[in-house]
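**Student:** For reference, TrEMBL lists these features for the protein:
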BINDING   E71, D103, D106, D234  Mg(2+) binding site
Amino acid sequence: MIEHSDLVAYLSIAERLVKDSEDLFCVNIGAQPSVIKNEDLQDFATDVDLSLEQQFRDQLVKETGFPVLGEEFGLKGGSTASGDVSVNSMGGGKQPETMWCIDPVDGTSNYTVANPMCGILVSLIHRGEPVIGLTSLPLLGQFYSAVRGGPLHVNGEPFPPLPKDDPEVIQIGFGSILSGRRGHVPRQYRQNLLFSIGESYPRMRVTGSVGADLAFTAGGVFAGTLTFSPNLWDNAAGICLVQAAGGIVTNLDGEPWTPGTIGLVAGSPSIHSTLLARIHAVPRPSNH
């Protein structure tokens, strides 16, 4: 177990590195794809993704000694030098006891068209649990951070826990409605979920950024969110933020989130309960 004081120290390091990178992030907004990861352009990276991830990786390993799992370069550094661990994007494989997880540009598609719903995500995973979460949305001027146990901080200030009573106006974040043919969650099932949840909460919002969805949920902008990404770097930082704010995060079945979970449901206890009920009202595809 990592002591709370050590978590605070590690968070301070991560905050400094992210804040130092925000100018580069902002000045290059609109950067075009430089690495195409599949032929239909559904997954790509920019030079900013590559540059920032390498900067974070070098400094985090140097200053903390922990290995780093990143979207662009995988798991490297720290105790991984001997090749004794191997972690995939979902957190599967032989995982280090402690590792950083980074997404240097979350919402890359938004970033390339200068849509401000994009950000920088950094988390520390200890024994499969996010214990530090940091989400910077530089183009919105918002900076969310937390260590396990809370409180949530927004722009450096402690933020009140999520309210126990439902707000009068409720917006719900929703993951991508359309997915590629190889998507982990079938397109029709996503759309069925959208309509089912819309029966209870008609103000659904699709930002195109898992990091923004979860940060907004932690900060009370969204009352809850449903995402479909299986990737650890998309989810881990926001999970820590929501939990620090007093929210609940589970998989789509209502079971505790763990690395390898495909998709998640997050929100205050009452909103989370209603979201699960609407999800369970939709027949699950036979192969999921």
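Going from the start of the chain as shown, residues are counted 1 onward.
Placement of Cβ uses the backbone N, Cα and C atoms for every residue, glycine included.
Caution: TrEMBL annotation is automatic and unverified by curators.
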**Student:** Does DSSP put E71 (Mg(2+) binding site) in a helix, in a strand, or in coil?
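**Tutor:** Where E71 (Mg(2+) binding site) sits, the three-state DSSP reduction gives coil.
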**Student:** Please list, in sequence order, the residues in the chain of D234 (Mg(2+) binding site) that are at least six apart in sequence and whose C-beta is under 8 Å away from its C-beta.
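**Tutor:** The list for D234 (Mg(2+) binding site) reads D103, D106, L121, V210, G211, T227, given in order along the sequence.
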**Student:** Any idea which of the binding-site residues E71, D103, D106 has the thinnest Cβ neighbourhood at 10 Å?
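**Tutor:** Across E71, D103, D106, these binding-site residues, the one with fewest Cβ atoms within 10 Å is E71.
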